[in-house]
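For 26-189, the entry in Swiss-Prot reads domain 'FAD-binding PCMH-type', with the evidence type sequence analysis. Swiss-Prot lists 169, 288 with the feature active site, giving sequence analysis as the kind of evidence. Taken from Swiss-Prot, the feature active site, proton donor covers 218.
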């Protein structure tokens, strides 16, 4: 019996192979991929379906399992990729805008404080969800307000940064959300000064991370008072492989699809590293990469 879906203005795609979309080039089929036309379209879908809903962004920090994703997978499209200057060093960005584009836009507006975002792959929505950060700064320190739709009731909410209850690489909101828009605040600075800082960050990233490989950013969060890469290295896991998956030799908190890996290859290798670190140091590493889909 065919599935009955709400009549939306956006686009439904069916049986979408996620390995064609994700940065790691792994993942089975998503039953239904939905790109809403606007916020009202998204809300209408959520309020009028009983199917499970998942959310993806740029998929730059994600493993989609080989079994794929059941139900509806929502991905915000170009309609949500806007970035615009407001006033007084404030910038509004849609949930699908890239963090790196926000950093460059801020530079053009002579707004400093957002430079760290240039080295973080992913979207505004994903960055808000995980409190993305680098080089001593994070989203929580520069975001002012956030608009989000709740995946349970389909209602639109607005939160201040304080109300988000931000913690290291996460927030304290209950339930599941899709982040639609955010306002960011920086400070005035010269364009050339900001441009120099952007170049510094990119150069540092290129030297220290496997930017040309199929990767999904840092595998694990840094435990309190420790650096994950040092624990991984100290456990002898640098360069470790499993099937087509490998721990990067350049930066060992990065997981690589170097030879047609499956999602299972990658996830199993990550768990092997976790177990090895636990045995060696009695410290439990927590995934920073999001794993989506059923076993």
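Glycine is no exception: its Cβ is also placed from the backbone N, Cα and C atoms.
Features per Swiss-Prot, on structure.
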residue: 169; record: active site; DSSP (3 states): coil
residue: 218; record: active site, proton donor; DSSP (3 states): strand
residue: 288; record: active site; DSSP (3 states): coil
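Cβ neighbour count for residue 218 (active site, proton donor) (all protein chains, 10 Å cutoff from its Cβ): 20. Take the CB of residue 169 (active site) and look out to 10 A: across all protein chains shown you find 18 other CB atoms. Mean pLDDT of the predicted structure over the domain 'FAD-binding PCMH-type' (26-189): 97. In sequence order, 61, 130, 169, 217, 218, 219, 220, 221 are the residues near residue 288 (active site), counting only same-chain partners six or more apart with C-beta under 8 A.
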